[in-house]
């Protein structure tokens, strides 16, 4: 009997149920991580970008070209394809199970059955539970990509540097930002274990810790500890090196902008967060799941979906580099979007601050934003804020 290509039929079903969106808002500009693509298909794109070594901002315009069959500008699709997209993986080095996890109520039934029947020695796939980790990895990877190659980088250049960066996220225990490292830190410090769904708060704490473990002078991480408050004195301490130089700093705002859905009063500020030149996207924000949001069009947000299981890299040695085919699995031109009213309110919002001038620019934009602010900038931490730890992680685990 001939084998049946189940994957082919699954792709057909997914296409029928989730067709690629068309540009049905031709009069609305399109945004992708701070870059604006105008509504006309032949026009200009604008970007607020670092125009000098001191970080002074100036506006630059670049002509756009033709649109594709769904009427999206090709330059916009090139931008989307150049973002790093990290998804579920399978057949990686097992992540050991904790000895007392046999009946863990935080684990979904599907994940529990899979762990008993297929991954009895440990988790060799994160399908069904790792989507928030993957979204967080995507956010961190794109922040690092911007620092390494610049916001204007597009696929087809600097392939060696891109592959080296991606290898830091490979699915083996030695990779500094692997899912193994996330799970290890989550178990030790965040009360999150293999097979459990991580929330935005735990993901932010893992990112901060894993970056700190590298001891790099190229990136630091500021997290808001489950509030929307950012303190200038605390940020300055984190972002300043011993010799006084500014170290690029990733700001992670873990927040909840409503109860079941994002409160409409926050819509404008949430969309503007993805329009800022410092934006590196949003992780979370989808009921019972997590996605990596990178763009805005009208009331819709574009996202990269981590819920696609791919084989882990065969290159497990820390000194290996990924092949061209493996690098391709970290990119897609396939657009997906969701109306802002359908977003889950629990999310992790990221901004990369590259210089003191960048900080001043970002702060000015935040303070002058529309609608209810999703970030509050205060001069110093004078109060002992004790946010409820569980609030930011109360998103139902994905069961698939």
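Any Cβ shown, glycine's included, is placed from N, Cα and C.
DSSP gives residue 131 (active site, nucleophile) a helix state. According to Swiss-Prot, the active site, nucleophile annotation covers 131, on the basis of similarity to another entry.
For 305 (among others), the entry in Swiss-Prot reads active site. Sequence-distant neighbours of residue 305 (active site) (same chain, six or more apart, CB under 8 Å from its CB) are 87, 291, 336, listed in sequence order. In the three-state DSSP scheme, residue 305 (active site) falls into the coil class.
Among the features that Swiss-Prot reports, active site is placed at 307 (among others), with the record citing similarity to another entry.
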Active-site residues compared (131, 307) - the one with the fewest other Cβ atoms within 10 Å: 307
Between residue 307 (active site) and residue 131 (active site, nucleophile): CA-CA distance (Å): 7
